[in-house]
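Look at TrEMBL and you will find A:L10, A:S11, A:G12, A:G13, A:L14, A:D15, A:S16, A:A17, A:T18, A:V19, A:L20 tagged as ATP binding site. Annotation source TrEMBL lists Zn(2+) binding site at A:C190, A:C200, A:C203, A:C206.
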2 protein chains.
Amino acid sequence: MSSANAIVLLSGGLDSATVLAIARDRGHACHALSFDYGQRHRAELDAARQVATALGALAHRVMRIDLAQFGGSALTDPTLAVPTQGIEPGIPVTYVPARNTVMLSLALALAEVLGACDIFIGVNAVDYSGYPDCRPAYIEAFAAMANLATKAAVEGARMRIHAPLIDLTKSQIIRTGVALGVDFSLTVSCYQADSSGRACGLCDACRLRRAGFADAGIDDPTRYA
Amino acid sequence: MSSANAIVLLSGGLDSATVLAIARDRGHACHALSFDYGQRHRAELDAARQVATALGALAHRVMRIDLAQFGGSALTDPTLAVPTQGIEPGIPVTYVPARNTVMLSLALALAEVLGACDIFIGVNAVDYSGYPDCRPAYIEAFAAMANLATKAAVEGARMRIHAPLIDLTKSQIIRTGVALGVDFSLTVSCYQADSSGRACGLCDACRLRRAGFADAGIDDPTRYA
């Protein structure tokens, strides 16, 4: 068990809540970091705050990044429709350009300031294989870059990027979270949740989440609109 | 000559102005990107705007990133003093944690939205060897990561990170800029310039810049306070 500081990227969704529980279970003092990157809904950030508190994060920071001014994603660009017709092949239009790279870079900055060497991210290569920045090779390349980028690395520390969900199915993630005491009713996964965090039940994220609870044999606590 | 879009990180200083001139000279349609990352002075951003216009950038975006909320650098933290006693060994306190990684990541996001494969950054390993994220190995590692991170890369495009100043001395950079028509009187390098962009003449950045003009045998157009 280590009590070293760790940065945990926390979106307010099911996956990152589980990651926070895993980091805490490994004994880290967890600094949760969320981004307000121009999401079309804000319920996710409200969920992140509740999850951080419920899982005993030492701190929770929300950083605003105006990726919406770049455009290019259905999650930030109101002129693009969120798909509700099932999972399409290829890279989804809900892909936010370079999002994981931007979030990990800012986590790296915070890690350096706090003297932390551990960054946790809830990427998953199974359910979201259409996203290039959710693959193991990407995470390894980011870690290699991080170890050349920072003052800490130059001084002999080793930065570690942990992606503990990367090879898990949604049902395995849910079982892991439940075992670690995550209250999934606090989390919001829906791409178009309403202002009180109720899920649409129709978008890709809702479909994957609902199927995950069914596969896990666990009652789905999601609040649907 | 290519007319392909390129993203050029533009700080308003001498180096990045020269990089913009180089990217333009290579025939790129240049999208300048500046960051308001909580600098203690704002003259640098005013300078960036003037430089972008003077050098014919197609667009100039300024993105706010609140790195100051993390603390840890004399450039963003008012409780740390900017050194004026000459260059010290090791990593300067003016180092902003993971700054180049954060800026390149956001440039990568914009590149992806614009369909650009070229990103230009004015890092320099000669004068600023104390900064880990100014070394060639770091730039190569970032490019390797970028080529795994993006939709464009998955679809077969190749992202290129250009650091054309990386092996140049300050006087070589100045000569290059002058040859390409850069008006260095518009640029601000000083770590603590006043609100109208006048330089202190004392900080590390001022010392390096002044010595560069002297070495190049070119009149220093810097406005000193």
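Placed from the backbone N, Cα and C atoms, the Cβ positions cover glycine too.
Annotations in TrEMBL come from automatic prediction, not curation.
Using Cα positions, the member of the binding-site residues A:L10, A:G12, A:L20 nearest to A:C190 (Zn(2+) binding site) is identified as A:G12.
Following the DSSP three-state reduction, the secondary structure of A:G12 (ATP binding site) is coil. The residues near the ATP site, meaning same-chain residues not in A:L10, A:S11, A:G12, A:G13, A:L14, A:D15, A:S16, A:A17, A:T18, A:V19, A:L20 whose C-beta sits within 8 angstroms of the mean position of the site's C-beta atoms, are A:A48, A:V51, A:G122, A:T187, in sequence order. Here the CA atom of A:L14 (ATP binding site) lies 11 Å from the CA atom of A:C206 (Zn(2+) binding site).
Within the same chain, the residues at least 6 positions away from A:S16 (ATP binding site) whose Cβ sits under 8 Å from its Cβ are A:V8, A:L9, A:L10, A:A48, A:V51, A:I121, A:G122, listed in sequence order.
Annotation note: A:T18 (ATP binding site) sits in a helical segment as assigned by DSSP. In this view, the densest Cβ surroundings among the binding-site residues A:L20, A:C190, A:C200 belong to A:L20, judged by other Cβ atoms lying within 10 Å.
With a cut-off of 8 Å between CB atoms and residues at least 6 apart in sequence, the same chain places A:G122, A:L165, A:I173, A:I174, A:T176, A:G177, A:L180, A:V182 near A:T18 (ATP binding site), listed in sequence order. A:G12 (ATP binding site) sits 17 Å from A:C203 (Zn(2+) binding site), taking the Cα positions as reference.
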